[in-house]
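Annotated features in Swiss-Prot:
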ACT_SITE  T8  active site
BINDING   S165, C168, T171  Na(+) binding site
Amino acid sequence: MSTSIHATTIFAVQHNGHAAMAGDGQVTLGEQVIMKQTARKVRRLYNDKVLAGFAGSVADAFTLFEKFETKLQQFSGNLERAAVELAQEWRGDKQLRQLEAMLIVMDETSILVVSGTGEVIVPDDNLIAIGSGGNYALSAGRALKRNATHLSASEMAYESLKVASDICVFTNDRIIVENL
């Protein structure tokens, strides 16, 4: 049995001038054991002006949160600059390259995915998801954004994660939504 500890499924959306990020609460040990059902995978950073969520190794994610928050401070809350600088450091540092996690970071105007291979990705349609249930959440989110425009960003984030939790065994329905 694998002893790696993973946490999965984050979804972020900007809709009608509002931004929301949702994460489920499940932390899995290896492939078979649920260690925790109420983890908080979405955090507020930089005076509550930035949201960050992680999928992947829990310990690695905490390292990345800390490094990203340092970059935000260094670049006065400039989300894009902080994300690019983190990605460059992550890609260029031999020890950091070993980290197994991805981040979604967002403020009121931007959503970015930051990966350990140095990518900083801006989604085309103002929504993105990562983690084992990410594809399910992304599909649900796109359908909601196209066909349920009356929903708030927060409702879209919650419902997208709910769909993922119904399909993905590594995603539960203990959903936490943060809004900007």
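Placement of Cβ uses the backbone N, Cα and C atoms for every residue, glycine included.
Sequence features, as recorded in Swiss-Prot, placed on the structure.
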residue	record	CB count, 10 Å
T8	active site	24
S165	Na(+) binding site	22
C168	Na(+) binding site	21
T171	Na(+) binding site	30
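Under the three-state DSSP scheme, C168 (Na(+) binding site) falls in the coil class. In this structure the alpha carbons, written CA, of T171 (Na(+) binding site) and T8 (active site) are 6 Å apart. In the three-state DSSP scheme, T8 (active site) is classed as coil. Close to the recorded Na(+) site, the chain also has T8, T9, D24, Q26, S132, G133, Y136, A137, L161, A164, D166, I167, V169, F170, N172, D173: residues not among S165, C168, T171 whose Cβ is within 8 Å of the site's Cβ mean position. When the alpha carbons of C168 (Na(+) binding site) and the residue listed as 'active site' are compared, the span between them is 10 angstrom.
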